[in-house]
Amino acid sequence: MAPFSSGKRGKKLKMTSRVKEVENDEQRNHMVFAYYITGHGSDHATRVVDVLCHLSISSPSSMWMDRAGEATLAANLVVRHLVAAGHDVHVVTGAPDFVFTTEIQSPNLHIRKVLLDCGAVQADALTVDRLASLEKYHQTAVVPRASILEAEVEWLNSIKADLVVSDVVPVACRAAADAGIRSVCVTNFSWDFIYAEYVMAAGHHHRSIVWQIAEDYSHCEFLLRLPGYCPMPAFQDVIDVPLVVRRLHKSRLEVRKELGIGNDVKVVIFNFGGQPAGWKLKLEWLPDGWLCLVCGASDNQELPPNFVKLAKDVYTPDLIAASDCMLGKIGYGTFSEALAYKLPFIFVRRDYFNEEPFLRNMLEYYQGGVEMIRRDLLTGHWTPYLERALTLRPCYEGGINGGEEAACILQDTATGKKYASDKLSGARRLRDAIVLGYQLQRAPGRDIGVPDWYSLAENKVRLRPELPDTEMNGNASLVESCIENFEILHGELHGLSDTVAFLESLSELYGGSDVKDPGKRQSREWSAAAALFNWEEEIYVARAPGRLDVMGGIADYSGSLVLQMPIREACHVAVQKNHPSRQKLWKHAQARQQAKGQGPIPVLQIVSFGSELSNRAPTFDMDLSDLMDGEHPISYQKAHEYFARDPSQKWAAYIAGTILVLMTELGVRFADSICILVSSAVPEGKGVSSSAAVEVATMSAIAAAHGLNIDPRDLALLCQKAENYIVGAPCGVMDQMTSACGEANKLLAMVCQPAEVKELVTIPTHIRFWGFDSGIRHCVGGTDYGSVRIGTFMGRQMIKAAASNLLSQSLASVSTPQQGDGVNSDEFEEHGMELLKAESSLNYLCNLSPHRYEAVYAKNLPECIAGEGFIDKYTDHNDTVTVIDPKCAYAVKAPTKHPIYENFRVMAFKALLTAAKTDEQLSALGELMYQCHYSYNDCGIGSDGTDRLVNLVQEMQHRRSSNGQNSSLFGAKITGGGSGGSVCVIGKNCIRSSEEILEIQRRYKAATGYLPLIFEGSSPGAGKFGYLRLRRRVSSADGNMKQEA
């Protein structure tokens, strides 16, 4: 028997010819496999069936044969060869028995019903509950971990297992190692990668789950990696295998004949992975001449006559082959079978499942996918998607015998063959790359043989495009070439090359065939954007930058002075308004309006370039009437619920929310349709206010298009309302203020009470600021940020109550020591009643001085308090954008202390900026930043990545000092909302400091595998930029340029 070629990591193994001498291999050892299957969904179980089936085909009595044309005999062959092979396979699963027994009927198949993980908890067929997933995993796999390991080791030894196979139960790999048994994983994703994203919403106390899963996987000998795979750095070695696909038992004609369906009937299979959707399906949802086969319908669900309920144990591959398209969610089973049998797939995105973008991009790469908006799925606007699916020509020609290849490798491994290399990299790589929420980063083309669909997916979900230099250095020809299709009727470019690049994109959208990058023409967002605008009408463009939090950070919502720098990276938004009768509509929007029978009505259509960065839909549309409740705008709460219904489109709340705010706060009414194109170079989750940049740019462009003159400060406050109340993120106002009011190379000095700009502080020429992205995704809406904010407002309420109590005692002229909240009132009479009056009505914590806090209130604040206990005593914390969870415990003392001291640090920092240009000045500024950083950590919103970057700056600083050299870098701190994101660094404006910044970047990558982005440079805020009003140029017959009316 010829062996497989054992390539390096990621190198695909090719099947060598199997000589027929296997017929004489009667002495082959009997083997015992322990096959663990994750508790998530049915896809894992069904692909395991295929692998198990093919374990038998390598049996002593079988040939290694081409199975083309043998599909109808597959079941018999599987059973016969598995029995002949004599292998025992013990499946450890929570899946129903019929998933296995339908395909395999043999005494050698043993099913052990044990659930050792829970996968992703799904609230319904499309919604993953992130918090519930982590909580259930904690209860299922973490709390009983010791007993699970003990039981599994004992059981593995009792069955005398030769090999443990996991798809992809983490603890199975560790149990195998403890039992001294080799283990292999078979999968396209791993749970550490999936859960790493959930940790952002759940809070730092769940991060240990990700690390434990990573450590478990690191005990696996190698990974059999399936197409459509995610990054999985925990595994030591990787072998790629083809798609694992269940074989057809019957032909298309046979299935249709059994079901009584004529060949002229169009059939769509409604398949949401075996998870009953429970939706009420209606007759009119299907066009005439269509029939829908419904998988997973409940027993009591009533269906219209053009919908057919299928049995729960129906063999789906045969039905797929008999259908014209499929409508469902993307899971490995539906994805692989749609590709293998070239079936157009209309898919609806799932929420918060990170496997999906990699499967989706492979599906679309092979021209097999059409995305349906969830709203259209639930309201029955199916026709335009069904018609689009029929035009697709899926073209996947890759292998679909992954079950056979995997089975051979598993069998050879069980008999002692070595596939893994000696390189043990998994645990270290995962510890530094994904644990604690790292986003993986790789350079496209770094690995040999990386498929195109994988690079496309990684570019969308991990990397940002290269940003051009902000300043154009007078390159007039570049400007002319980029805007040759447009005449600028108002505004100026301000020498910003990113604005020129955006205008070039608009020109390419209009030009179509002149697009420089052919890949753009193939992307759905580019196609949607090209059909977005009426090129005969004017377009308005606004620009708003992100911001680097130099000092102030989370103290903004406590009224602190903050110092913020607008960064080079910015968001551009193009807006056009059109009369509804002239508005170009996407097909599904047309279908929706036709169904209402009202004629043309105002709509909102949005395209977001780069929207796939966070696995969300690239387009959004709605009727503007949906923002009205009779004669009045809907409430912010209703709007929040509206956008939260479909998390894959929740991003639109940042954009559409600005429209509702204008309607609610300024009484604006929109009679025209609105088209919006968003293109942002401000990376998300890096702590540099990507959301504020989108909001400010959007509202600025909408205001310009509708003739609204809004002061930049007022615009920032309006944008904050959109984020607080419609998006539901409890941010302060400094982000929007910087994006709207900032100026290039200046720090915006602002007192957040609520938004008073003190001055624009010019950055001294000898000082420079940089930002480092830690790679740990930051989220203002995450639990850590919200909990700290709640604790801060709790502390303020406690201080106010204590001050009121002391004031009452003082007014009563109590002269003898009495206990009031543990404080003797006599001690405080000298402080004066005026101070107590002010403190009893304290609006902002930052109006309390540090010495007053320490002298009077600090010793009586609890370190933490239960939500229920606080509510019982104080009723409410008086914060309109957060809600106390009675069951949660909240830190109080550290979050209360931080803004009081931070306000003092920021004031000192601002004063020092104008001091003499000495190293002592820089050292003092740096020390204030270090103090801020460690105060964040005390609050519980630090992170390993940001700590590592700050430590690298300190090492660089101290190394030079110890060598008698002058330092170039002097301080660093975590920025913004914390819990990851970016670090701000201060140093001298010189070549040596730039070299040290690059050295820190290299060292961070060497330690973590992640190359951090560096933010440097500054640019003007939206107010300074203003807006551009554009009109398309056209050529007249005589070659002269004229405006087209």
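Using the three backbone atoms N, Cα and C, a Cβ is placed for every residue, glycine included.
Noted in TrEMBL for the protein shown:
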{"type": "DOMAIN", "residues": "533-577", "note": "domain 'Galactokinase N-terminal'"}
{"type": "DOMAIN", "residues": "654-742", "note": "domain 'GHMP kinase N-terminal'"}
**Report entry** For the domain 'Galactokinase N-terminal' (533-577), sequence-distant contacts whose Cβ falls under 8 Å of one of its Cβ atoms, 6 or more beyond its ends
**Finding:** 467, 470, 486, 489, 491, 496, 498-499, 502-503, 506, 509-510, 583-584, 670, 672-683, 687-690, 692-698, 700-702, 704-706, 730-735, 737-740, 742-744, 746-753, 758, 761, 763, 769, 771, 785, 788-789, 792, 796, 843-847, 898-900, 902-903, 905-907, 909-910, 928-929, 932, 936, 939, 941, 973-978, 982, 984, 986, 1015-1022, 1025, 1027-1032, 1044-1045
Requested in this report: Tally the residues of the domain 'GHMP kinase N-terminal' (654-742) by DSSP class, grouping H, G and I as helix, E and B as strand, and everything else as coil.
Outcome: 53 helix, 8 strand, 28 coil
Query raised in the report: Which value does the mean pLDDT take for the domain 'GHMP kinase N-terminal' (654-742) in this predicted structure?
Result: 94
**Report entry** Secondary structure content, the domain 'Galactokinase N-terminal' (533-577) (per DSSP, counts of residues)
**Finding:** 6 helix, 30 strand, 9 coil
